[in-house]
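Undergrad: Right, I'll just put the structure down here and ask away after.
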Amino acid sequence: MAQKTLLIITDGIGYRKDSDHNAFFHAKKPTYDLMFKTLPYSLIDTHGLSVGLPKGQMGNSEVGHMCIGAGRVLYQDLVRISLSLQNDELKNNPAFLNTIQKSHVVHLMGLMSDGGVHSHIEHFIALALECEKSHKKVCLHLITDGRDVAPKSALTYLKQMQNICNENIQIATISGRFYAMDRDNRFERIELAYNSLMGLNHTPLSPSEYIQSQYDKNITDEFIIPACFKNYCGMQDDESFIFINFRNDRAREIVSALGQKEFNSFKRQAFKKLHIATMTPYDNSFPYPVLFPKESVQNTLAEVVSQHNLTQSHIAETEKYAHVTFFINGGVETPFKNENRVLIQSPKVTTYDLKPEMSAKGVTLAVLEQMRLGTDLIIVNFANGDMVGHTGNFEASIKAVEAVDACLGEILSLAKELDYAMLLTSDHGNCERMKDENQNPLTNHTAGSVYCFVLGNGVKSIKNGALNNIASSVLKLMGIKAPATMDEPLF
């Protein structure tokens with residue numbers, strides 16, 4: 001069976017029986033139509049307990065790629081941290097205690113929602129209450145979501161935060177995630193969020209009034225303009241700061257702005273000393289204490305391929321590059337032996353519905369080049385279904401699917417010509433459901449199944465399964481015995 005193999009991840013394209021508001025169903029997709037007729041396919045679970053998340057929790061790109069690469073179910077940070085907090089272990093957490101003991105004032109910042117992709121509001125509340133038990137003054141810096149949850153749900157989450165506020169816990173600032181959680185080096189966005197932390201951009205309104213004023217201007221949660229509230233005078237030297245997001249990719253830039261001595265992305269008010277801690281490891285170069293260090297993941301797909309002295313190439317555009325490198329390799333930043341990485345720049349647009357094809361063509365050209373070079377394993381992510389789906393724009397999401405389909409057609413044709421095997425699946429769904437039951441735009445991921453197609457010598461049928469079955473399936477196509485730590489293949 002041994003073949004050179006393609007692992008294609010069509011981000012955000014999921015399975016849904018209903019056709020209403022289903023961008024995948026309504027797209028013209030001759031390549032998918034061909035695969036449905038000629039290739040064995042099945043359905044793959046991407047959410048909840050199947051990927052180490054709480055029951056019913058929607059999957060996401062980080063969790064999905066980690067599970068794909070590991071070939072087994074991993075307890076994700078959300079579950080691990082929640083269990084720790086439920087067991088009252090925070091009072092014995094050395095990184096947490098050391099950080100809050102260094103100052104009377106503790107700043108907590110993070111995404112205020114229960115989306116569970118980057119953070120969870122229960123973690124936010126638990127840390128604030130634990131700080132209060134230690135007689136600290138707690139400043140809450142709220143980042144509104146509107147992307148992993150409904151676009152106008154911030155007031156609901158705000159009430160939960162206000163329920164714990166008192167003379168010791170106060171809401172200091174607010175910012176839409178578009179500004180405070182950029183990951184594409186758009187530091188003009190980070191600067192606005194940073195300035196609010198410094199006590200600039202004051203509003204006389206209360207937090208709830210300010211959110212409503214943004215809604216009145218047709219600004220939804222994701223894009224709420226950073227502001228700080230009365231009685232907040234800004235962060236001061238020698239105070240403590242904890243960023244409560246457990247996912248790292250959208251936390252790095254704001255933490256860099258706060259803590260890095262050498263920082264030139266914008267002119268800032270710098271600190272002599274700020275006692276920073278992060279929920280999980282955000283970057284290997286960061287010297288900050290970590291409340292929940294990563295658990296080591298051994299024998300990932302990329303590592304096993306490297307151990308067999310085979311070549312591999314990981315390809316994606318900017319928005320998903322971390323997912324096909326750091327996350328799919330089990331949280332390992334450094335490439336393995338014989339691992340090549342190709343980064344295609346994502347288009348510089350405000351939102352991707354303005355360019356639904358994104359950089360899929362550039363990604364495809366890189367894949368075709370690696371195939372012609374004879375690379376043994378090619379892992380590629382197409383970001384369109386997810387990134388355009390997040391905008392809530394149905395017509396643009398249809399175009400996104402059509403762009404991916406055209407690219408898949410080129411890849412599938414060359415795969416057959418060069419005798420490449422192929423496994424195509426998604427890390428989670430998104431664009432197959434673009435409106436909720438009330439006909440409001442749905443911008444978050446779906447908690448459902450995705451397709452899995454296989455092109456391989458002798459493969460006539462494949463079983464239903466989950467993302468933890470992908471790595472062993474890829475290794476089987478390559479003629480490599482999967483390690484005992486991996487779950488069974490799909491065929």
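A Cβ is built for glycine as well, from the same backbone N, Cα and C atoms used for every other residue.
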Undergrad: Which candidate from HIS314, HIS445 does Swiss-Prot annotate alongside ASP386, HIS390 at the Mn(2+) 1 binding site?
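TA: Site partner of ASP386, HIS390 for Mn(2+) 1, according to Swiss-Prot: HIS445.
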Undergrad: Per Swiss-Prot, which one of SER61, SER472, SER473 shares the Mn(2+) 2 site with ASP11, ASP427, HIS428?
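TA: Among the candidates, Swiss-Prot records only SER61 at this Mn(2+) 2 site.
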Undergrad: If you measure HIS390 (Mn(2+) 1 binding site) to ASP11 (Mn(2+) 2 binding site) at Cα, how many Å is it?
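TA: Cα-Cα, rounded: 11 Å.
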Undergrad: Just name the most isolated of the binding-site residues ARG183, HIS445, going by other Cβ atoms within 10 Å of its Cβ.
TA: ARG183
Undergrad: State the three-class DSSP label for ASP386 (Mn(2+) 1 binding site), counting H, G and I as helix, E and B as strand, and everything else as coil.
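TA: DSSP call for ASP386 (Mn(2+) 1 binding site): helix.
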Undergrad: Round to the nearest Å and give the CA-to-CA distance linking ASP427 (Mn(2+) 2 binding site) with ASP148 (substrate binding site).
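TA: If we compare the Cα positions of ASP427 (Mn(2+) 2 binding site) and ASP148 (substrate binding site), the gap is 15 Å.
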Undergrad: Could you tell me which of these binding-site residues, HIS118, HIS390, has the greatest number of Cβ atoms within 10 Å of its own Cβ?
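TA: The largest 10 Å Cβ neighbour count belongs to HIS118.
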Undergrad: Note down the number of other Cβ atoms within 10 Å of the Cβ of HIS428 (Mn(2+) 2 binding site), including every protein chain shown.
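TA: I get 28 for this one.
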